[in-house]
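Engineer: First, the structure itself, so that you have it in front of you.
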Amino acid sequence: MGSISPKTRFPIVLGAGLIGSPGLFEGATVTTVKDVEALLDTFQAHGHTDVDVARIYGSGSAETLLAAADWKGRGLVVRDKLYPTKRRPMAHLGTAYTLEPADVRRGLLDCLKALNTPKLDLFILYAPDRQVPVEETLREVNKLYEEGLFSRLGISNYMAWEVVQIMELCEKNAWVKPSLYQSLYNVLHRAIEPELVPCLRAYNLPLHVGQPLCGGFLTSRYRRDMPESEHKPGSRFDPQTFHGRHHRHRYWNDAYFDVLDTIRETGRKYNLTEVQCALRWLSHHSLLRPECGDAILVCGSDPAQLEEDLLALEEPPLPEEVVQVLDEGYAKVKAVVGPYYH
């Protein structure tokens, strides 16, 4: 595709969390190579090139679908993440891993094989494995780096003090240092602001943030009296699935719905959707900073939804009253907001 200049304030990364073979991941909405190609067409039409995938996405099938869609031939840059699933209730998400050295090596090699590439630009440790000394993990990661299997290291879902520990260990041992931190962050989940963000700024670590729409909660699709039978099987808040229960635990409560009602009312006054309120806040009114190398991840369930998100991210700052309502809304849910780390 030809070179197109993005119109967004921040680099936008396409999250591949909804890509997968339906037989392997109940929540997959982008299930064929043709579906993936259509999603990538929409993404690249806005000038964006980075895609974020993980070993657990689609139980490994997200990577293979991206490979089949010829991500390299399209000029994309795909990053991959390794989640330590083995000691968690995540057996349904494919091959199990820890962050023990042998598993880190096996995990990265599995990433490369699935993506059909000899090297990753960015390899991310998706969460801590606190049963493995972090020094052991980082030592093996550095060996993999020195072997030329990836160019940059990222970390995600670690506590702020763990970030300090990791950065200092890497400095002390002359190991490859993390180049960015990936986190959950949105207008109604700002748990990273008091401690993690200052930590990242102190180490000049860019912040890449996901779940800008609260896992889809900040859309027109949901209401508090919505019966379970109305949820599409496998959808983000389907109470019958693992990931549905996970999102419901985080967002599906009266405090969040009270705030959602207020956002909708104020949005109508300015002809703004929930999506526009959430994404324009993140782009213009949050603690993200372009000069710090920060970026925003979006995860479209289909090309039309992705297009809506990308257009919202190209829009200007919100009216002052809307920002005030969003800030007041967060103050009301702050007491029930979960941690930013795993």
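Any Cβ shown, glycine's included, is placed from N, Cα and C.
Just so it is clear, the model here is predicted, and its values are computed rather than measured.
Take a look at what Swiss-Prot says about it:
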- 1-27: signal peptide (SIGNAL)
- D52, Q182, R236: NADP(+) binding site (BINDING)
- Y57: active site, proton donor (ACT_SITE)
- N271: N-linked glycosylation site (CARBOHYD)
Engineer: By a Cβ-Cβ criterion of under 8 Å, what residues six or more beyond either terminus of the signal peptide (1-27) are in contact with it?
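Structural biologist: Apart from its flanks, the signal peptide (1-27) reaches 35-36, 39-41, 43-48, 50-54, 57-62, 65-66, 74-75, 79, 93-94, 208, 210, 233-236, 238, 241, 243-244, 283-284, 288, 290, 294-301, 306, 310, 313-314.
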Engineer: Using Cβ-Cβ distances, find the residues under 8 Å from Q182 (NADP(+) binding site) that belong to the same chain and are at least 6 apart in sequence, listing them in sequence order.
Structural biologist: D52, K81, I124, G154, I155, S156, N157, L207, H208, V209, G210, L297
Engineer: Counting only other Cβ atoms and using a 10 Å cut-off, which of the recorded positions D52, Y57, N271 scores lowest?
Structural biologist: N271
Engineer: Whole-number Å distance between the CA of Y57 (active site, proton donor) and the CA of the residue listed as 'N-linked glycosylation site'?
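Structural biologist: Given the Cα positions, Y57 (active site, proton donor) is 35 Å from the residue listed as 'N-linked glycosylation site'.
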Engineer: What does DSSP say about the residue listed as 'N-linked glycosylation site': helix, strand or coil?
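Structural biologist: In the DSSP reduction, the residue listed as 'N-linked glycosylation site' maps to coil.
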